[in-house]
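Written out below as structure tokens is the structure these notes cover.
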């Protein structure tokens, strides 16, 4: 079964994200468990946690169908120790929130070297940061998102993801989320069925489908290999729709959250139906 949804707003309380996912016909969703542009957040109240869990139960969402995302401020590969420690502390807090909500995945952007250290050192810091977090918080899987490679962001090559995973001590606590826009912008061609075969075979050989815990389904406004991260609607932009048909028709993408982060929330319900129609072709 395909779990399809979108990154919905948690404004007014995380429990509202469940209702917004239902409104657009999703059987999956992503959310921020706190303001993604602030370091600090109030702790989750017992009442909020209870409501979130109850709403999930009522609307039949399991932890496998929900992909929380961490704060954009966090940089687990920061070259400076003090800033890296601040990021690790914030990441641990995010993991604890996810665990409190009864969820088990935390999606994050790996980190940036800020042109101050080598890529290899940055990847080692990211892995070290993950190791600290998963030793501190039980149950939650750290889900590394591939990036477009904009600026000094790491994670734009499959080899980066594999190198991080290799250095994580408990492999059951680490996974990957592939973003289609980021793949294309980073230079992985997914614009045809044949191109998808090559790219996803490479992914399986270098990283492995066993680590795939979610996907972000996005169109792109920029060209193949642009290294610029600009999302578009599914049926617009430079990628085309072959990749979405490929994903919907291959079992390797079953039972993981397939999350829209496309730029027009008002057509998410339509885009979800479009994906479901592709799986029936």
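Just so you know, glycine gets a Cβ as well, placed from its N, Cα and C.
The structure displayed is predicted, hence computed values, not measured ones.
What Swiss-Prot records for this protein:
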- 69, 109, 145: Zn(2+) 1 binding site (BINDING)
- 145, 179, 216, 261: Zn(2+) 2 binding site (BINDING)
- 182, 229, 231: Zn(2+) 3 binding site (BINDING)
| field | Per DSSP, three-state class assigned to residue 145 (Zn(2+) 1 binding site) | value | strand
| query | Near residue 261 (Zn(2+) 2 binding site), which binding-site residues out of 145, 229, 231 have their CA within 10 Å? | reply | 231
| C-alpha spacing of residue 216 (Zn(2+) 2 binding site) relative to residue 109 (Zn(2+) 1 binding site), in angstrom | 12
| query | Of 145, 179, 229, 261, which of the binding-site residues has the most Cβ neighbours inside 10 Å? | reply | 179
| task | For residue 231 (Zn(2+) 3 binding site) and residue 69 (Zn(2+) 1 binding site), determine the Cα separation and express it in whole Å. | result | 17
| query | Which binding-site residues from the set 69, 145, 229 come within 10 angstroms of residue 216 (Zn(2+) 2 binding site), judged by C-alpha positions? | reply | 145
| said: My understanding is the cutoff is Cβ-Cβ under 8 Å with a sequence separation of 6 or more in the same chain; which residues meet that for residue 69 (Zn(2+) 1 binding site)? | reply: 7, 30, 31, 32, 36, 106, 107, 108
